[in-house]
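Annotated features in Swiss-Prot:
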- 1-19: signal peptide (SIGNAL)
- 54-146: disulfide bond (DISULFID)
- 55, 57, 59, 76: Ca(2+) binding site (BINDING)
- 56-72: disulfide bond (DISULFID)
- 71-127: disulfide bond (DISULFID)
- 75: active site (ACT_SITE)
- 78-120: disulfide bond (DISULFID)
- 88-113: disulfide bond (DISULFID)
- 106-118: disulfide bond (DISULFID)
- 121: active site (ACT_SITE)
């Protein structure tokens with residue numbers, strides 16, 4: 001191997017080692033976005049669901065406006081159980097899963113944080129795929145509609 005190749009290989013390895021110290025915060029969000037993209041219609045992106053209804057996005061209050069918003073309500077509650085009952089941190093918890101044959105398979109032992117969070121995300125993503133997206137419910141006035 002040429003010295004230049006060794007130099008490049010070394011630089012790549014050092015870069016990868018440095019990347020291993022990146023906090024896992026975005027990892028679960030990336031996993032969840034990937035699950036959503038797998039289950040929703042092609043003309044939508046996960047961003048369509050980020051500020052939808054009363055519960056899709058940050059926070060949530062009131063009564064869900066439709067079936068899709070109920071998916072987010074259930075997901076929020078699932079994360080709440082993961083945090084309060086199981087002492088998991090859903091936003092930073094990595095998980096193992098497989099996208100196959102129009103479904104999502106979560107791996108890991110039942111009751112572990114990775115599996116609990118994966119099951120929350122899987123259920124929500126499949127629910128998104130089964131629910132109608134109503135454009136009028138995107139960016140609604142939550143002070144008016146979500147009391």
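Easy rule for this one: first residue shown is 1, then count along the chain.
Here the Cβ of each residue, glycine as well, is placed from N, Cα and C on the backbone.
Remember, it's a predicted structure, so these values are computed and weren't measured experimentally.
The DSSP secondary structure for residue 106 (disulfide bond) is strand. Shown in sequence order, 54, 56, 58, 60, 72, 73 are the same-chain residues outside 55, 57, 59, 76 whose Cβ sits within 8 Å of the Cβ centre of the Ca(2+) site. In the set 88, 106, 113, 118, 146, none of the disulfide-bonded residues has a C-alpha within 10 Å of the C-alpha of residue 72 (disulfide bond). Under the three-state DSSP scheme, residue 56 (disulfide bond) falls in the strand class. Cβ environment of residue 120 (disulfide bond): 75, 78, 79, 82, 90 lie under 8 Å away, each six or more residues apart in the same chain.
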